[in-house]
Amino acid sequence: MQEPLLGAEGRDYDTFPEKPPPSPGERTRVGVLQNKRVFLATFAAVLGNFSFGYALVYTSPVIPALEHSSDPNLNLTKTQASWFGSVFTLGAAAGGLSAMVLNDLLGRKLSIMFSAVPSAAGYALMAGAHGLWMLLLGRMLTGFAGGLTAACIPPGPACVLSRDWVGCVLQVYVSEIAPPSVRGALGATPQLMAVFGSLSLYALGLLLPWRWLAVAGEGPVLVMVLLLSCMPNSPRFLLSKGRDAEALQALAWLRGPDADTRWEFEQIQDTVRRQSSHLSWAEARDPHMYRPIVIALLMRFLQQLTGITPILVYLQSIFDSTAVLLPPKVDAAIVGAVRLLSVLIAALTMDLAGRKALLFVSAAGMFAANLTLGLYVHFGPKSLAPNSSMGLGREALAGTEQPLATPTSYLTLVPLLATMLFIMGYAMGWGPITWLLMSEILPLRARGVASGLCVLVSWLTAFALTKSFLLVTNAFGLQAPFFFFAAVCLVNLAFTGCCVPETKGRSLEQIESFFRTGRRSFLH
């Protein structure tokens with residue numbers, strides 16, 4: 001039977017297999033061609049992560065603008081602003097759960113493309129909003145699209161460093177199309193693109209009014225759909241559906257016409273067969289199954305309780321409510337740039353130190369940052385900004401004897417520096433390592449269900465925290481949530497010391513034996 005011609009480079013395509021082995025130079029050219037195709041497909045997919053990061057922090061510059069809106073239908077109260085900020089996470093939770101069905105029904109590529117529909121509709125609703133319901137519906141739709149995309153594409157650089165890549169990003173598009181030689185580098189791109197999307201929103205917030213920020217969000221969505229329409233489905237998905245010939249064609253296109261894909265094709269077939277069995281309820285009650293699942297769930301829960309989501313969602317409002325040296329919009333953009341730099345550094349250095357050591361340092365840094373922010377708000381100077389009356393902690397500041405800030409006081413750099421420390425601490429430990437440990441400690445057969453539970457717990461916790469942030473701040477002052485986040489970081493330190501195993505340098509077999517027997521000698 002004639003071999004697939006997908007990937008042929010023109011009239012000189014040679015259908016005869018008899019030819020001498022390629023020279024080193026020819027192999028290099030084949031590798032470059034192969035990587036270009038994979039890079040293009042990856043770029044098309046991770047544009048969804050860019051939109052996710054952009055949509056997540058959309059409220060940061062928009063809530064302050066709407067709090068001062070002259071339109072009574074759009075002038076947000078604190079309760080309305082809390083819904084506008086938090087409803088995104090409910091949409092993301094629904095999108096993540098939907099992905100568990102759509103990934104198997106449509107495939108990873110079509111699921112990512114499908115996310116463009118709610119995303120485009122959500123941005124259109126917010127851009128043309130004439131009432132609160134349009135803002136909330138648009139926000140929820142972009143959250144649904146973001147949750148769906150995040151479930152179809154690896155969530156961060158943690159999986160890059162895992163020794164079990166396939167298990168870590170089981171059934172996701174980028175991992176399924178990338179060859180091993182570039183899989184690590186490509187695995188870092190989803191979180192980098194998400195963080196770059198957030199930075200782009202902060203930067204555009206310096207230039208554009210809030211409606212045009214929503215219009216700008218449509219651009220990456222359109223480009224993503226156009227590019228993905230030219231990309232193949234993942235070979236793993238096609239094999240899982242019994243479409244072997246299409247899977248081989250897709251693999252040949254991704255690897256190039258001169259690449260020997262037979263061995264890789266057989267490996268994918270074997271993996272698909274091994275992953276077809278499901279976890280039974282009797283197995284789930286075994287301690288070696290549920291113990292790592294409980295640890296992973298608690299890590300996702302505690303990760304969100306550090307305050308990362310409400311801080312990102314209300315970043316500009318937080319700076320609006322404190323005495324800061326620079327304009328709040330500029331402070332937010334600086335923090336976005338620091339976040340991008342921190343993620344880059346974390347992706348390059350994470351595997352140089354032990355997991356527990358990085359978790360300890362990360363929690364300690366976030367504790368210091370949150371405590372500093374709380375103390376500064378409580379004891380520091382009050383804001384002199386003209387819009388401070390709409391600040392998050394106005395009631396708590398009323399009647400206090402706090403000194404007024406002067407525009408040139410270097411003390412007013414404290415909020416910016418503390419927030420930068422928090423973002424760096426999160427990026428170096430509790431942000432990515434929770435995903436890395438999931439890939440290392442979760443049993444293979446339980447990984448799909450457990451990962452879905454972890455995502456659900458994470459987003460629901462983020463919703464509860466983001467929804468209550470403005471209300472707690474309005475009632476008790478801006479310092480209250482930061483003191484709470486600082487206390488959670490102390491809990492994280494204790495949890496790391498008591499419950500988290502050190503997995504660096506350990507094989508997956510050693511880690512599984514540890515949970516089966518409880519003998520720490522397996523990890524030494």
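Heads up, residue numbers simply count up from 1 along the chain you see.
For all residues, glycine too, the Cβ spot is worked out from N, Cα and C.
Annotated region 'Disordered' per TrEMBL: 1-28, in sequence order.
The transmembrane segment feature in TrEMBL is assigned to 38-63 (among others).
TrEMBL lists 41-504 with the feature domain 'Major facilitator superfamily (MFS) profile'. Here the domain 'Major facilitator superfamily (MFS) profile' (41-504) returns a mean pLDDT of 78 for the predicted model.
Counting same-chain residues at least six beyond the ends of the transmembrane segment (83-102), those with a Cβ under 8 angstroms from any Cβ of the stretch are 55-56, 59, 62-63, 66, 76, 110-111, 114-115, 118, 132, 135-136, 139-152, 309-310, 313-314, 448, 452, 455-456, 459-460, 462-463, 466-467, 469-470. What TrEMBL records for 83-102 (among others) is transmembrane segment.
TrEMBL lists 114-136 (among others) with the feature transmembrane segment.
What TrEMBL lists as transmembrane segment is 293-312 (among others). Here the transmembrane segment (293-312) has Cβ contacts under 8 Å with residues 56-57, 60, 85, 89, 198, 318, 363, 366, 370, 419, 422, 426, 430-431, 434, 437-438, 441-442, 446, 450, 453-455, 457-458, 461-462, 465-466, 469, 481-482, 484-485, 488-489, 491-492, 495, 499-500 of the same chain, all six or more residues outside its ends.
For 332-350 (among others), the entry in TrEMBL reads transmembrane segment. Within its own chain, the transmembrane segment (332-350) has Cβ neighbours under 8 Å at 57, 60-61, 156-158, 160-161, 188, 191-192, 195-196, 198-199, 201-203, 205-206, 315-316, 319, 326, 358, 416, 419-420, 423-424, 426-428, 431-433, 436, counting only residues six or more beyond its boundaries.
Long-range Cβ contacts of the transmembrane segment (357-379) within its own chain (Cβ-Cβ under 8 Å, at least 6 residues beyond either end) map to 306-307, 321-322, 350, 393, 396, 402, 414-415, 418-419, 421-422, 424-426, 428-431, 433, 477-480, 482-483, 485-486, 489-490, 492-493, 496-497, 500. The transmembrane segment annotation in TrEMBL covers 357-379 (among others).
Summarising the annotation, TrEMBL assigns transmembrane segment to 413-437 (among others). Sequence-distant contacts of the transmembrane segment (413-437) (same chain, at least 6 residues past either end, Cβ-Cβ under 8 Å): 155-159, 161-162, 168, 191, 295-296, 299-300, 302-303, 306-308, 311, 315, 318-319, 322-326, 331, 334-335, 338-339, 342-343, 345-347, 350, 355, 358-366, 368-370, 372-373, 376, 380, 492, 500, 503.
The annotation transmembrane segment is assigned in TrEMBL to 449-470 (among others).
Among the features that TrEMBL reports, transmembrane segment is placed at 482-500 (among others). For the transmembrane segment (482-500), same-chain residues at least 6 beyond its ends with a Cβ under 8 Å from one of its own Cβ atoms are 295, 298-299, 302, 305-307, 355-356, 359-360, 363-364, 366-367, 370-371, 373-374, 377, 430, 437.
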